[in-house]
Each structure stands twice: as structure tokens, then as C-alpha cells.
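Trainee: Dropping a structure here in C-alpha cells format, bear with me for questions.
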Amino acid sequence: MNPIVKTFPYGQHTVTIETGVMARQATAAVMVSMDDTAVLVTVVGKKEAVEGRDFFPLTVNYQERTYAAGRIPGGFFKREGRPSEGETLTARLIDRPIRPLFPEGFLNEVQVVATVMSVNPAVSPDIVAMIGTSAALAISGIPFNGPIGAARVGYINDQYILNPSVVELQESKLDLVVAGTAAAVLMVESEAAILPEEVMLGAVVYGHDQLQTVIKAVNEFAAEVGTKPWNWVAPAANVTLKAKIAELAVAAIGEAYRITEKAVRYDAISALKQRIVAEIVAADETQDAGEVADLFHELESDVVRGRILRGEPRIDGRDPQMIRALSVGTGVLPRVHGSALFTRGETQALVACTLGTERDAQTIDEITGERTDRFMLHYNFPPYCVGETGMMGSPKRREIGHGRLARRGVSAVIPSQAEFPYVVRVVSEITESNGSSSMASVCGTSLALMDAGVPIKASVAGIAMGLVKEGDSFVVLSDILGDEDHLGDMDFKVAGTSEGVTALQMDIKIEGITKEIMQIALKQARDARLHILTVMDKAIGVARDDISDFAPRIHTIKINPEKIKDVIGKGGSVIRALTEETGTTIELEDDGTVKIAAVSGEAAQEAIRRIQALTADVEIGRIYEGKVTRLAEFGAFVNILPGKDGLVHISQITDERVKDVSDYLKVGDMVRTKVLEVDRQGRIRLSIKEAKRDELPAAESVAESAPAQEAVVEQVPMTE
């Protein structure tokens, strides 16, 4: 073994890249470490492509091993299972910047596997895995127009921070990951606390400048390894065949792309393609039908892009900055806590919001330990939304990624637990799709949250921008269609409020995206966002004053922390009986905060009354009405409060001389007693005869020592 090692400083960290020790049968393998966070990245490429394949089969797998953090997995099998949501998102983060760098026509299967071997809780493994992927591809010999660099950018005290630690990220107003080559930005993924566009753009530029350190180090590392590149030659373009197809189809393609309705347009294009393929193959049987179809698709791209660059109307007749027709509705599902239907052109999201209690929070088992999440956003993309049939089941990578992007878009406006003590789950059902369904989910989520009475800080809207660029000519498109996304050069998604950006995602398919282009895109995105927010605010501009009648009301009271054990009872018997008998959900916190959740107000008040009784102190001189629980020769025991029995001595039953207690009292009798004394051991002395002498009524109200009800999340409905 002859290991080759490259070490370089990167921000506040030191990065080490090593090869030649592990996974030597892979096409390439590197171990990359950053301050004790270590990731093994392997690349395997097939030398030959499968005949007839018309797509590039790239697979990226990212896996976290719990031993990396000194932990044993939970569950029955005690081993890692299917990828978590976090692992899936990191795999997508690695995939997106490298996929466009494989050359056109390269169809050999390639698999990238990144395995976290050691983790420092302060250093996230995702950037390490991205650096490792770049280095492994650079030394693999596989055709690849890299290397890439990757950087995380934070924003603290108006300063950009390179690769902030996990602790610093909690303070940061920005979490932005940028990846790119020496010449261009390829991918951006970010979440922000409502920051201005210029701050977001500055972060992208700053990150791209800093990641040049990685690219330089990887180039030096690859030169030292010295792997020979594969002897692969891109297939020659069939210019003659493309000209023949153009002669037969260009005019018809142009007409088809004037059809504004997606389904009708697709049918026309499909029929035209089948006719052209059949004609050419019939005229020359040596022609490959797949090649004809591919060249036909290239012509589609040429027609659509050329029309946009010439200033002609887009596919659906809009100009570059025009937004499709909007339709907004709230409260569309009668028994759902909050709902909205957001439609933009042929893209539609039905969004539902559900309110729950703390026990509904999601427990997430991460490599560094467990955490709970009180806000969930799930995105579903069924096949019917694009007029297709397909398998239904667990969410795919795309659905997980789009759901996380939508969540990033609204996270900045979600109220804290102190402001709104509910756990919130939002589900976005995409019922129609023709571009930017994730941004429709952002808009629908904002509306559904307000419809549910969640006091979000501001309305949030999202928009997807596109780009068509040839040479120095370019056009930035607002609110792109699915075809414009597919045939264009950039997918640039921006979510935010009227004050600033909350999320930015960018995927670029070409090099040469300048700062000027990004500035124009952000400016158009802001204009579009403000237009959409105006329409949304007409439907519902602030959160409803009342939550749904079908949602649980959360009532909060405070008790003496020393009394928590009285509410719980032995083995949880008391609190279990309370919840079962009142039909409520009760949660206790160490500081004595008690949260009672119930759909019925009467049930909640009954639970509160019983908790107050359980935790109230016995007051000397106060009269209580209680039940006789036990008789003894020397007196009777009376239960005056839950869990609190006192003794009525035989001499305190009546003024007369009592020979036998049972002559005056029986078990189960309700009697009025006065508290005479509570001794140091907590024993309570009661008197029936003193209570009779006292003219005060029995204690029907809560004792002064009982806890006060602090807050009730119960509001008055707002009329529309």
C-alpha cells in the first residue's frame, strides 16, 4: 500500500484527503476528514455502456454508520436500515452538482457511495462527503468535467462565516451550501431568516470564492495520483439525420409549442414524434429509432429556446416576467384543522394543516443522537397529477427533497413553542403539476397555516425562475413551466416574505452563470413574489383568531414542581386515570407546567379542576366536604382532597360523648369537616363539630393554594 495524502486548511478546519489504503478494488476511493469527521467515498464506473440505453445511470448513495458517533442503532435488529430523510437529502446534495458535469453522450453506469466513518458533532459530514466525491471522481479516470468544490456559508453579526460549526449554525441567520467548478456556481441550497436578496447573493459569491481552495487542492491531489483518463470518445453528432428531421418536423414542432394546454400539447408532440420516427425508419431501415427520437427532442429544445431568445412569446403565450393566473382558496376541507387550495396555471397544491400536542412531535434518530421536531411538512406527488399511472408507496427522493425545500421556505415564520404550544404537521398534495410544484406548496402551506389559526409571522410565497442562454444572449423567465425547466439552463427557486428571502435553491446545467444573471433572477423573483403575496393576502392575510372546532385546545396551568408526583401517582396511576376519565391529553414539564389538550372545553375544565384539587395544599381553618373512607375505634378517616385523608377524632364528631363511631358515621358518608391542624409529618386533624359551629359554607371553590390557570389557547372566531 502506497497511500497518497493531501492536507490543506479550509476556513477554521483542516481537511485531509487520502487514497491507496481502503476500498482498492473500486474505480476510485478516498477517505476525507475534517476535524475528526471522516467520510469514505468510493466511485465505481462500468467500462461499457448498455446497448440501447438512452439515459445516464448515475446513482449516489450516502450512508451514516452509528458507530461513527459511538452509538448502537435502536430497534429490534440493532443495525442501520433504509436511508433516513437526512441521508436522502445529503445524497441529493451530492448528486445535483456532479450530474451536469458528466459529458453529453456518456451513458456508462456510475455509482458513488459516501459512508460516514467518524463524526465530530461540531462538523457536519455533508460538506466532507461532497469534497470526497469531487476527489474520488477526479482520480477515477471517468470522463468528468470537474472537479467541484463545496462550502457552507453562515451569516452572523452581518458577517459571512465559512463552514460554521453546528453550534454557530444555531446562531446564524443563514445556512447556505454552494457547490461549483472553478468557473461557475452549479448548485445552491439554503435556508434563511428573512434576509435581503443582496445578502443572499453575497453569500453565494462568497461561498464560490472560498471553495476555490478545495478545487485547487483536489487538482493537486489528482495530479499526484496520476490516474490515466478513460479512453472514451463522445459519439459524433449525426448532423445529416438531424437536418432531415428538421426538414420534416421543425414547422410542426413550432405549431405544437403554440398549444397552451399541457395535455393537448403533449399529445400533439407525441403523435408528431411517432410519425417522424416511422417515416425515417421506413425510408431507411438502418436508422435507429432511438437516435431519431433523441434528435427530435433536440429540435424541440432548439425551437423553444430560439423563440424565447428572439423575444417571441413563451410556450403558453406569456412574456418572460409574466406570472400564470392565480386561484387561492382556504377552508376547502370541512373537518380539517386548516386547508388551502393554491392554483397557479396548471400547477395545483391542496395543502392540509393538522394541530397536535407535544406527544405528536416527531422523534428523529440522527447519527449524533435523538431530537424532536414539532413542525413537519410532507409533500406528495402522485402520478395522476401529471396524467400518468404509476406505483404508489413510500415517498421517493424527489418528494423528500421538495418537501424539505417547502419546509425551509416557511420555517422562518413558524411561531416558537412559547408563542403557540401546538405541534404542526402540513401535508401538500400535488393534484396538478406543470412546473414549480414545490413553490406552490410553499404558498399553500402559508395559507393553510393561517387558516388553521397558526400565528405565523408573515405570509410566504415561492416562485421558480428559469434561464435560456446562448453565448452572451440570455433571458430570465419567471414562473417556469415544466417544459421550460426541462429545456432551459437553470432552475432557480426563491421563497420569502415581502421583507426578504427565506429559502433559495438553484440548479444550473451550464457554465457561465454570472453575478449579473443571478441579480436579474433575484429581482424578477422578488417582483413575482410580491405579486403572489398580494393575491394570497386577499384570501387570508393574517392567521384566524380561532383554531378549528375539531382541533384540540391546549390549556396551560402551573403547579408546584414538588406536586408533580401527586399528579402522576404511583406507577402513573393518577395521570392515567385522569386522561382516561376526562378524555384529555395531559403533559407535565419539570418546571411544573401542565398542558391539558382536549377538543371539548368541558373535559379540559374537569381535568384542570381535578389537577388543581390534587395539587392544592390543605389550609388550616378551612371547611372541606369529604367522604368517609375508613372507621376506627378512635375516630374516622375522611378524604378531603384527592390523595389527602384526615382524621376526625372520636371527640371531634359531636359535642355529645361518643361510644361507637359507627353510631354516627358510615363509610361513604359525605361530611363537612374543618381543618384543625397539619403536623410536621403532614397528618391532618379534622373536626365535624367545629365545622357545624362555623357559619362559613363548605369549600366549593378552589383553595387559595391551588395553581392558577396561566393560559388557555382558545380564541374567538374571525368573521370573514
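Counting begins at 1 with the first residue displayed.
A Cβ is built for glycine as well, from the same backbone N, Cα and C atoms used for every other residue.
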Trainee: Identify the region 'Disordered' range according to Swiss-Prot, selecting from 505-528, 625-648, 697-720.
Mentor: 697-720
Trainee: Counting only other Cβ atoms and using a 10 Å cut-off, which of the binding-site residues Asp485, Asp491 scores lowest?
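Mentor: Comparing Cβ neighbours within 10 Å for the binding-site residues Asp485, Asp491, Asp485 has the fewest.
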Trainee: For the domain 'KH' (552-615), jot down how many residues DSSP puts in helix, in strand and in coil.
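Mentor: With helix first, then strand, then coil, the domain 'KH' (552-615) has 36 helix, 16 strand, 12 coil.
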